[in-house]
Each structure stands twice: as structure tokens, then as C-alpha cells.
Amino acid sequence: MATSYFLLAVFLALVSSQAIASDPSPLQDFCVVDKDSPVKVNGFVCKDPMRVNADDFFKAAELDKPRNTKGKVGSNVTLINVMQLAGLNTLGISLARIDYAPLGENPPHTHPRATEILTVLEGTLYVGFVTSNPNNTLFAKVLHKGDVFVFPKGLIHFQFNPIHDKPAVALAALSSQNPGVITIANAVFGSKPPISDDVLSKAFQVEKGTIDWLQAQFWENNHY
């Protein structure tokens, strides 16, 4: 009986730890990335605090400039995560500027490790996210300058500039030092090696020729 109680306690502890899992929480004032360390951990090893300086928490004039939006999807995401700003390590946050050409979009994608909150700096955006199975409900709004919208962690979402003659700009904050991004079309049709067209033709209920055509396209990355 004692063993059963012990195993139950261990199971509940594991379940509870997974239920509240998130980016590593800081146990000290900061944990600046030590890029020279050969040690691999979930996150990054801390630099010796005696070698830390203000530049570890600083990124000069990165998000004030318009970006090139001439690609296929007409958007450009400039992400400041732990890879660009070492001081973000263990702090559970990152930032992105998103530029949209007229009729440009940030295509349907997910962030596997982060919730996103977005505000429009200039222009107009049609944004939305889709809930998980079985309902797959779309929640969408048209946003104008100053409006704010939140995309829950892990759910497929998008932003689209519906104006044909004016660009748009948004600023997004994400609840992870390294939120990750999975652009749906890129992952499904641009994987390397390709997913079998038998699998995809059945999944999308289309002919294999359609899948072959989609897989032959250049699936552009708009995240920089």
C-alpha cells in the first residue's frame, strides 16, 4: 500500500510539473547566454555574472526600420529572441516587428512554445486563430492602429493586410525566449525529405498530381 501511494504521488508530481511547464524560470537576477560553453541544456548555460555587462541586455536600433516585403507572401518578421539578445535567457519573453506589404500576409502558422500578443502600429490587419479539434472555430477581427489581439499558445493563426495600396506594421510580444514557428504550408508541402504524396492526397482529399505540384513550389521563409 505504501508503494502504491508513493507511485501515485510521483505520478501526480510529474503530471503537475507538465501542466505548468514553460520556459525556464530564473532562480537568480539573470542568466545571460554563455555562447562559448560546449554544454547542451534545455535553454542555455549561464555566463559567469562577473563577465556580464549592459551590452548583454541591449540590441541597437533593430526594430525601427521598415523591412523588405517583396517576397511571395508579402511580409517580413523580424524576431528578437534569445539568439539575438543573450540577456533574454530564462526570462520567458521575446519581441517581433512584422511588416506587411499591401495585400501581404503572415501566413497560417503556430508558435509551439508561446502565446503571442500583437498590436498594430500602422495600417489595418485582418487577424485570427483557429481552435483545436473537433470544433476548429475561427476567431477573427479587423484591427486598426493601436488595436491589440492575442493568439493562444500553439494554435494556428495568421495576419493579413486587406488594403491594396497601403502597407501595415505590427509589434508582437511572445511568452518564450525562443517561441519557434511552424508555418503550416512550409511544413506540410516543403518538408525535407517530402512527405509521401499518398499521405497528403488522402489527408487533403485531392489528387496526387495536386500534391506533387504543391511540393514543387518554393515555400518561402518570411521569418528573419
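Backbone N, Cα and C atoms are what each Cβ position is placed from, and that goes for glycine too.
Feature list (source: TrEMBL):
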- 1-21: signal peptide (SIGNAL)
- C31-C46: disulfide bond (DISULFID)
- 61-212: domain 'Cupin type-1' (DOMAIN)
- N106, H111, E116: oxalate binding site (BINDING)
- H109, H111, E116, H157: Mn(2+) binding site (BINDING)
Fill in: Check: same-chain CB within 8 A of Mn(2+) site center, minus H109, H111, E116, H157
T110, A114, F129, F151, L155, I156, L174, P179, V181
Discussion item. On the 0 to 100 pLDDT scale, where does the domain 'Cupin type-1' (61-212) sit on average?
Written reply: 96
Worksheet item: What are the other residues, in sequence order, whose C-beta lies within 8 angstroms of the center of the C-beta atoms of N106, H111, E116 at the oxalate site?
Response: A96, H109, T110, A114, L118, F151, H157, A172, L174, P179, V181
Worksheet item: Looking at the binding-site residues N106, E116, H157, which has the shortest Cα distance to C31 (disulfide bond)?
Response: E116
Discussion item. Comparing the disulfide-bonded residues C31, C46, which residue's C-beta has the most other C-beta atoms within 10 angstroms in this structure?
Written reply: C31
